[in-house]
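K.L.:
Right, I'll just put the structure down here and ask away after.
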Amino acid sequence: MSFSYRSILAKSVKQTSFIRSGIQQRSYGALRAVAASDPRHDHTVHITSSRGVTITHDPLLSKGTAFSLDERERLSIRGLVPPRCQDMDKQLLRVKRNLDGCDTPLAKFIFLSALQDRNETLFYKLLIEHLEELSGIIYTPTVGLACQKSHSIYRRSRGMYFSSQDRGRMSAMVYNWPHDEVDVIVVTDGSRVLGLGDLGANGMQIPIGKLSLYVSAGGIRPRAVLPVVLDVGTNNQSLLDDPLYLGMDHRRLEGEEYYDMVDEWVTAIHSRWPNALIQFEDFKYPHAYNLLNKYRDKITCFNDDIQSTSAITLAGILASLKARGKEQTDLSEERIVCVGAGSAGVGVCEGIIDCLVAQGKVKTREEAYRRIWMLDQDGLLGAVRDTPLDERQQSYVKHDMADRLTLEQVVEKVKPTVILGLTGIRGVFTEKAIRTMAQHTEKPVVFPLSNPDTHAECTAEEAFKWTDGRAIFASGSPFKNVEMPGGKIGYTNQCNNSYSFPGLGLGITVSRASRVTPTMFLETARVIADLATPEQLKQGILFPGVSKLRDIALAVGTRVCDVAYEEGVATATLKEFELLSDVVENSMYKPEYVPLVYHQNNH
Ligand SMILES: NC(=O)C1=CN([C@@H]2O[C@H](COP(=O)(O)OP(=O)(O)OC[C@H]3O[C@@H](n4cnc5c(N)ncnc54)[C@H](OP(=O)(O)O)[C@@H]3O)[C@@H](O)[C@H]2O)C=CC1
Ligand SMILES: CC(=O)C(=O)O
Ligand SMILES: [Mg+2]
């Protein structure tokens with residue numbers, strides 16, 4: 001079973017071929033022109049005004065033992081590193097051996113962070129070569145544990161912290177960041193870190209991990225990414241009580257104070273880097289939606305948990321239709337139960353509604369809402385809710401069903417074909433609910449999407465056991481395939497926004513899109529939904545594995561770039577013809593050592 005890069009790209013190009021009109025052809029050339037003059041694409045030499053230990057201690061410039069003798073001479077580092085010049089292959093051998101010697105996932109996380117902090121080129125080379133294995137360390141599930149322990153394992157700062165004590169100073173503070181070019185910023189306030197709740201400033205590991213995927217999978221340059229924590233305080237009492245905690249020692253700002261602080265930060269960031277994409281990450285409900293609605297039409301931004309999660313989950317559902325021998329346009333025949341009515345739950349369901357309406361089989365959004373049954377902590381959103389629901393959640397209320405029905409009661413009545421878990425709570429998918437679902441549908445689509453794995457609504461083993469091996473399974477964090485009685489394999493999929501945001505960021509960055517549009521998410525879903533082969537679908541494999549994230553990002557990035565031109569939000573200048581996929585591919589960062597040249601006046 002293999003997904004080659006070309007087959008992935010060919011599928012995505014086929015997807016987008018219908019828009020290859022004259023104006024589009026001009027846009028490809030324009031991007032080529034941008035590519036030619038853009039420092040992102042110069043892999044031949046790097047000019048620096050640094051010398052000596054400033055270079056060997058700079059993770060963006062350091063090559064460790066790989067500096068050539070010429071370089072050592074001209075950069076004044078002769079004698080500052082061991083005498084033998086060792087190329088990257090040997091360095092990779094050393095770091096991989098050391099990594100394998102770490103006895104716990106957290107020890108591996110600490111080792112990889114240290115590597116990233118001393119030599120980013122080597123870090124990314126290692127990450128790309130072992131993406132599947134290492135994404136489970138720098139990303140979910142291990143990053144969750146790293147966040148919980150962040151204040152105890154702290155070694156060195158990465159990214160920027162903007163805290164309540166910095167109010168009134170942020171427009172000056174942004175100039176403390178040493179790089180003028182920033183393409184992607186991931187920001188969190190640490191209020192809902194994965195399914196782990198409020199982790200305050202410890203949430204920094206999430207933007208760092210997300211941006212490591214932006215670089216390794218999405219091909220964004222390491223020096224053009226900025227992880228940020230907005231430290232508005234924390235309501236996590238055990239962190240507040242911990243003498244080692246590194247964030248502000250007060251409870252969270254709320255209301256006007258909170259929104260004013262975020263606004264000061266957005267204004268400061270936008271004034272220094274007006275073209276940077278801002279990804280809002282792990283903000284609790286309803287702040288996540290309020291911030292998205294406030295800024296989506298003003299700056300280049302999106303919310304990862306709401307929007308890119310919706311793209312990958314929609315892709316999973318569309319691919320599952322094919323896996324069940326149906327057409328993707330049969331989405332309107334699905335009965336979808338979504339457990340979780342927060343940022344991700346509502347965001348995912350809005351993406352499904354958008355797709356239903358775009359497919360045209362349902363005529364109105366109201367009609368589309370009838371295909372989805374949503375539950376929160378209290379049960380079904382039914383008639384008549386006495387606790388407040390906001391406008392978005394109201395749309396899902398089933399006026400013909402009793403309020404607060406349990407999941408099991410809902411499954412019994414609705415007989416869903418698809419069940420989504422976005423609660424952050426382990427065990428929400430009960431044996432009874434899944435078994436009942438499996439009685440009414442041949443291939444139940446079971447997606448426990450909460451992270452990390454310890455917070456998934458059910459495990460892969462449970463899903464396959466309770467459905468007699470018939471489930472089509474996808475989870476937010478990785479689960480191993482399950483061997484079932486009789487030797488049959490239950491194939492697992494990872495359905496995580498890491499499949500969508502790197503390509504979105506790539507397409508937005510290359511086209512210099514001024515806005516992130518809903519079509520970009522819908523098209524991302526369509527591209528990813530079409531990647532699996534018929535044989536793979538037959539086995540229940542919905543997407544290529546995590547090792548293919550870079551190829552997927554290229555396919556998604558190409559289509560997103562296309563959309564930016566179609567919708568008139570791209571700001572890269574148009575000139576002559578060039579194949580868009582080549583432009584996007586050529587713009588992707590590759591971790592290779594380039595010769596360093598000293599120049600006194602380089603800034
Ligand atoms: N796979 C992926 O790519 C992604 C996964 N996620 C995961 O989704 C989860 C939720 O994130 P997010 O939506 O932002 O969080 P929110 O806190 O905004 O929402 C959580 C929702 O779950 C509901 N809930 C909690 N407990 C239960 C329960 N026992 N039964 C039913 N519903 C329950 C809450 O109900 P109430 O409103 O009543 O409190 C709330 O509606 C997280 O674990 C996160 O890791 C998020 C983004 C991407
Ligand atoms: C994956 C992700 O963004 C989350 O769990 O919050
Ligand atoms: Mg998130």
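Note: Cβ is positioned from N, Cα and C throughout, glycine not excepted.
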K.L.:
Can you tell which of Asp242, Asp249, Asp305 TrEMBL lists as binding divalent metal cation with Glu281, Asp282?
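P.N.:
TrEMBL names Asp305 for this divalent metal cation site.
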K.L.:
Other than Glu281, Asp282, Asp305, which residues of the same chain sit close to divalent metal cation? List them in sequence order, counting a residue when its Cβ is within 8 Å of the Cβ centroid of the site.
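P.N.:
These residues sit around the divalent metal cation site: Thr188, Arg192, Ile206, Phe280, Phe283, Ala288, Asn303, Asp304, Ser343.
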K.L.:
Helix, strand or coil by DSSP: which one applies to Asp305 (divalent metal cation binding site)?
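P.N.:
Note: Asp305 (divalent metal cation binding site) is helical by DSSP.
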K.L.:
Please tell me which one of the recorded positions listed here (Tyr139, Arg192, Glu281, Asp282, Asn496) sits closest to Lys210 (active site, proton acceptor), measuring Cα to Cα?
P.N.:
Tyr139
K.L.:
List the same-chain residues at least 6 positions away in sequence whose Cβ sits under 8 Å from the Cβ of Asp282 (divalent metal cation binding site), in sequence order, or say none.
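P.N.:
The list for Asp282 (divalent metal cation binding site) reads Thr188, Asp189, Gly190, Ser191, Arg192, Val193, Leu194, Gly203, Ile206, Asp305, given in order along the sequence.
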K.L.:
Between the Cα atoms of Tyr139 (active site, proton donor) and Asn451 ((S)-malate binding site), what distance do you get, rounded to the nearest Å?
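P.N.:
About 10 Å separate the Cα atoms of these two residues.
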K.L.:
Tyr139, Arg192, Asp282, Asp305, Asn451, Asn496: which of these recorded positions put a Cβ within less than 6 Å of any ligand 1 atom?
P.N.:
Arg192, Asp305, Asn451, Asn496
K.L.:
Within the set Arg192, Lys210, Asp305, Asn451, which recorded positions show a CB-to-ligand 2 distance under 6 A?
P.N.:
Asp305, Asn451
K.L.:
Out of Arg192, Lys210, Asp282, which recorded positions have CB atoms lying under 6 Å from ligand 3?
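P.N.:
The qualifying recorded positions are Asp282.
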